Amino acid sequence: MSKRDYYEVLGVSKDASERDIKKAYKRLAMKYHPDRTSGDKELETKFKEVKEAYEILTDAQKRQTYDQYGHAAFEQGGGGGGHGGFGGGHGDFGDVFGDVFGDIFGGGGGRRQSRQQRGSDLRYNMDLSLEEAVRGKEVEIKIPTWVGCDPCDGSGAKAGSKPKTCTTCHGAGQVQMRQGFFAVQQTCPTCQGQGQIISNPCDSCHGQGRVEKTKTLSVKIPAGVDTGDRIRLTGEGEAGMHGAPSGDLYVQVSVREHRIFVRDANNLHCEVPISFTTAGLGGEIEVPTLDGRAKLKIPSETQTGKMFRMRGKGVKSVRSGAIGDLICKVVIETPINLNERQRELLEELEESMGKDSSKNRPKEQGFFDGVKKFFDDLTK
């Protein structure tokens with residue numbers, strides 16, 4: 001029998017907030033919990049279904065995977081969280097409600113989170129030139145962080161000794177207290193949630209299982225990255241305490257402004273100045289690209305602001321592999337520092353056009369015709 005949609009199981013919409021999901025879970029878990037249903041197998045199955053849906057939808061990464069691939073992502077060990085993950089029997093009452101009520105009563109997360117407190121994630125800002133972002137590169141970076149302690153292998157205990165299981169919480173890291181009908185979990189005051197006691201702490205890390213150190217990493221920047229892109233290095237964040245998993249390192253990319261090109265997604269834009277004679281007569285010019293110089297044909301009678309698209313001269317997409325274009329906007333440059341002969345030639349050109357130059361300068365003529373009509377309308 002196919003599984004029901006997790007959102008349907010909890011009775012929430014696909015865009016439900018984590019708070020709404022917890023609220024729905026609390027209501028349904030109380031309704032179907034085996035301690036309240038007298039061993040009804042059908043209701044016990046529903047309870048497991050509710051618990052499974054809750055565990056997937058309150059984990060941001062698992063929820064994203066589920067939204068994209070559905071139940072298939074978690075079958076045959078693909079993502080965890082299936083019915084097989086519950087084990088036999090009814091489980092611990094506090095294990096069910098711990099993560100729901102922990103925030104309310106200050107008890108922290110459920111018991112499975114107490115002993116494995118993952119290290120914090122880190123962020124590194126990577127500043128790149130446009131050329132580096134487009135071509136990709138390998139960068140060596142230095143990160144001040146927490147790393148696992150070598151002498152004690154992350155346990156926190158001195159060589160030759162071992163951490164002992166906490167006798168107060170029996171290794172759970174949390175203790176229960178009854179408040180009416182509910183059994184609420186709180187952090188164990190003896191071991192501070194670690195589930196173990198270190199009688200002989202390591203001299204290097206003083207019992208933490210980790211030490212501060214500047215770590216050197218080699219980061220491969222893929223070709224085509226852009227400002228706002230983020231590269232995740234799994235397990236390269238801070239080491240957790242007492243051998244707990246490390247967090248992740250996120251490299252945040254920022255691309256500096258370029259003096260010639262402006263990037264728009266996978267396209268590049270640039271302004272290319274041309275002489276007024278090239279604009280009028282046409283010709284061939286050289287334009288810059290990220291691969292070197294390229295030829296661009298300018299047709300005669302080109303006006304300033306005209307765009308020319310050079311296919312495949314842009315940026316290769318880091319995701320799809322498609323290559324963008326280079327879009328050149330021509331700007332006609334007015335000559336300066338004219339000598340006497342050059343001025344004479346320009347004057348001859350002006351005279352050759354005659355008084356009626358509308359066919360040579362249609363935009364200018366159209367503008368002044370519009371101005372004349374504007375003032376004529378004002379005086380009517």
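Note that the numbers count up from 1, one per residue, in the order the chain is shown.
Including glycine, each Cβ sits where the backbone N, Cα and C put it.
Feature annotation from Swiss-Prot assigns domain 'J' to 5-70. Residues or ranges marked as zinc finger in Swiss-Prot: 136-214. Residues or ranges marked as repeat 'CXXCXGXG motif' in Swiss-Prot: 149-156, 166-173, 188-195, 202-209. Taken from Swiss-Prot, the feature Zn(2+) 1 binding site covers C149, C152, C202, C205, and the record attributes it to sequence analysis. What Swiss-Prot records for C166, C169, C188, C191 is Zn(2+) 2 binding site, and it gives sequence analysis as the kind of evidence.
Here the binding-site residues are C152, C169, C191, C205, and the one with the most other Cβ atoms within 10 Å of its Cβ is C152. Secondary structure by DSSP for the repeat 'CXXCXGXG motif' (202-209): 0 helix, 0 strand, 8 coil. Long-range contacts of the repeat 'CXXCXGXG motif' (149-156) within the same chain, counting only residues at least 6 positions beyond its ends with a Cβ under 8 Å from a Cβ of the stretch, are 162-163, 198, 201-205, 207-211, 239, 241-243.
Mean pLDDT for the domain 'J' (5-70) in this predicted model: 85. Cβ neighbour density within 10 Å is lowest for C188 among the binding-site residues C149, C188.
For the pair C191 (Zn(2+) 2 binding site) and C205 (Zn(2+) 1 binding site), the Cα-Cα distance reads 17 Å.
Break the repeat 'CXXCXGXG motif' (188-195) down by DSSP state and the numbers are 0 helix, 0 strand, 8 coil. The separation of C166 (Zn(2+) 2 binding site) from C205 (Zn(2+) 1 binding site), Cα to Cα, is 20 Å. One way to see the shell of the Zn(2+) 1 site is to take the Cβ centroid of C149, C152, C202, C205; the remaining same-chain residues with a Cβ within 8 Å of it are D150, P151, D153, G154, S155, G156, A157, P201, D203, S204, H206, G207, Q208, G209, R210, V211. Checked against C202 (Zn(2+) 1 binding site) by C-alpha proximity, the binding-site residues C166, C169, C188 yield C166 as the nearest.
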